[in-house]
Amino acid sequence: MLPSINEIVMSSSRRLFFALSLPDALQQPVIRWRAEAFQPEHGRPVAAANLHLTLAFLGDVSAQKEAALTQLAGRIRQPGFSITLDDLGHWPRPGVVWLGCKRAPRGLLQLADMLRSQAARSGCFQSPLPFHPHITLLRAATRPIALPPSTPGWVMPATQFSLYQSVFEHGRTRYQPLAHWPLK
Ligand code: 2AM
C-alpha cells in the first residue's frame, strides 16, 4: 500500500525542542536527592541524561523549517547566566513533578522569549500559557503528593543552549542533542 501524504510528511519531520541541559555535575546530586524525596509510587523518574529545561518546544518540524530555525538560533548572541533551582511543584494534569526557580534570571527569560518568537514566526505553534521554566523530575505523577518543603537550591550555570530531538524507541524516550550554541 502506498504511504499517505501525512505519512510522507511525518517521516521527514522530527520532534524538536530548544533546551538547557542539566550540567553533568548536577545530575547525580539531583537524582540522589530525588530518590530520597520521592517514592516509586509518586511517579516515573526521568533518566539523568534526559534532565533538561525546555526553552521552546517546536513540535514536529520539517527538515526545511529545522534548517531555518537552526540558522536563526545561531544568530543569537547572549551572555551566560545562572539559575537557582530553589522551587518545586506538581502539575497533576500532565502528571509532572518539576524543579524550577522562584526568580527566573533575565537572561533565561530573554533567551526563551527569542527562541519562542522565532519558532512562532516560523509557524511552530507556541502555547499561549506564560513560559514557566522547569526541569521535569517525575512523569506519570497524577496522584496528590506531599512535596518536600524545599530543595537544596542548586545553582545551574547556563553556558550553552541546545537543539534536541525527542526520539521514542524501544518503549523509551531519549533526547538526542543535534546542535549547541554558546552563551557568552
Ligand atoms: P515537560 O517536561 O513539561 O513535559 C520534550 O518533550 C520537552 O518539551 C519536555 O520538556 C516537555 O515539557 C516539552 N513539551 C512537550 N510537549 C510540549 C508542548 N505541547 N508545549 C510545550 N512544551 C512541550
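Cβ atoms are placed via backbone N, Cα and C, with glycine included.
Quantities reported herein were computed from a predicted structural model and do not represent experimental measurements.
Over in TrEMBL, the protein carries these features:
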type	residues	note
DOMAIN	21-98	domain 'Phosphoesterase HXTX'
MOTIF	52-55	motif 'HXTX 1'
ACT_SITE	HIS52	active site, proton donor
MOTIF	134-137	motif 'HXTX 2'
ACT_SITE	HIS134	active site, proton acceptor
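With DSSP states grouped into helix (H, G, I), strand (E, B) and coil, the motif 'HXTX 2' (134-137) comes out at 0 helix, 4 strand, 0 coil.
Within 10 Å of the C-beta atom of HIS52 (active site, proton donor) sit 19 other C-beta atoms, taking all shown protein chains into account. Helix, strand and coil residue tallies for the domain 'Phosphoesterase HXTX' (21-98), in that order: 32 helix, 27 strand, 19 coil [DSSP]. Recorded residues the residue listed as 'active site, proton donor' and HIS134 (active site, proton acceptor) have their alpha carbons 8 Å apart, per Cα-Cα distance. Less than 8 angstroms from the CB of HIS134 (active site, proton acceptor) sit LEU53, THR54, GLY89, VAL96, TRP98, LEU99, GLY100, each of them six or more residues away in the same chain.
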